[in-house]
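Reviewing the structure listed below.
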Amino acid sequence: MKEKKLDLKQLMKQKTILIAVAVLMVVSLTGVRIFSAQKVPKEELSLDNSIAVETAEVSYTDSIGGLTYKANLEPAEEATVSSNVSGQVTQVLFENGDKVEQGQALATLDDKDLQNQMKTAKVDLSKLQLELDAAKSDADIAGQLYAGGACSKTSYDTAMRAYKTVLANVELKKIELQDILNSLNDCIIKSPVTGEASGKNITVGQYLNQGTVIASVKNNTSIKAEIQLLQNDLEKVAVGQEVTLKLSHDDTMTYKGFVETIATSANSQTRAFDCLIKIDNTAGALKSGVFGTIEISDKENQKTLAAPMSAVAGSEGNYSAFTIENGLARKVPVEIGVVSNDMVEITSGLKEGDRIITSNLNSLQDGDKVSVAHEKKALRAVYAPTDGEGE
């Protein structure tokens, strides 16, 4: 009887173990099921069983495969302002950053001494003018007498020399008077060009020597950018060709300019060709002294049909893309051209305005139902960097 009780206990123990094992298996299977649910791709969880995708629109852009060069921006016109005469400063009429016009007074110098010199010179000129009148009268009389034989040639020559001497003195005094007048005008220091004043170096009471620079004026209505054009790029650029300036690679703001000059011979130091770019800055958005990126489209291929690289799958000779038709993915064979960064030229298979899928290409099949999760903005102009890019 005792042995039967022991067998019953063993059976109960074994049953408990089996139940525990069963519970653990259920928990494990549930955990696996939960973990597996967490790993299911987001697109497979759509209520309508569609795959969520991102899209973009095929469009024409500025030429892929263009040129990119770094350049320092400088004002198209810049001039230093200096004093043409010596003198003490009596007025300063500008500050740094002021917009000034060509011919506008920026400072004045004390001109009292020059004014006195002017008065004296005018009096001297008046006296010389009287002497000239008298000398001319004497010369005329001597000429008449000499012609009538009533005067010797010596007397006539003496009268003529006296007249010419006074005449020369009058001319010299006029020149002196004009020099004084010029110096008086130079006591008003004026801006040589229209632009923005900077580098102010003048104060009231300061004594200026002739040639002292008091400021500079930069005309920023046009900005110039000089690039070093590589020989291999010469045939791709022409005078008058339109270019684009961006202050940084990712900058969405662009500024239009054109090629103004291209050197006919290479720079002896850089072995490249100096190319001057001129950019309109009437709005004043650009500042000189900063760096920018000049982008030059291929003049032989101004517009290119392009798509994001993420929209094209496959290998050489067997590329494809997916378009969307009535909510379904449609696989389309495509041919590509130039590849630049994240963009690719489309030479056949797609047309402008086609809506193409840019994500989950590896999990898509022709005819799959898709839903658009995000659509990229219209493609912007893209340029492929060349050896000319100064990074």
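Positions of Cβ are set from backbone N, Cα and C atoms, glycine also.
Remember, it's a predicted structure, so these values are computed and weren't measured experimentally.
Some features that TrEMBL has for this protein:
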type: DOMAIN; residues: 78-212; note: domain 'Multidrug resistance protein MdtA-like barrel-sandwich hybrid'
type: COILED; residues: 111-138; note: coiled coil
type: DOMAIN; residues: 226-299; note: domain 'CusB-like beta-barrel'
type: DOMAIN; residues: 306-372; note: domain 'YknX-like C-terminal permuted SH3-like'
Helix, strand and coil counts within the domain 'YknX-like C-terminal permuted SH3-like' (306-372) (DSSP): 6 helix, 40 strand, 21 coil
Local confidence of the coiled coil (111-138) - pLDDT mean: 96
Long-range environment of the coiled coil (111-138) - Cβ separation under 8 angstroms, sequence gap at least 6: 87, 159, 162-163, 165-167, 169-170, 173-174, 176-177, 180-181, 183-184, 187
Three-state composition of the domain 'CusB-like beta-barrel' (226-299), taking helix and strand from DSSP: 6 helix, 31 strand, 37 coil
Summary of DSSP states over the domain 'Multidrug resistance protein MdtA-like barrel-sandwich hybrid' (78-212), given as helix, strand and coil counts: 70 helix, 27 strand, 38 coil
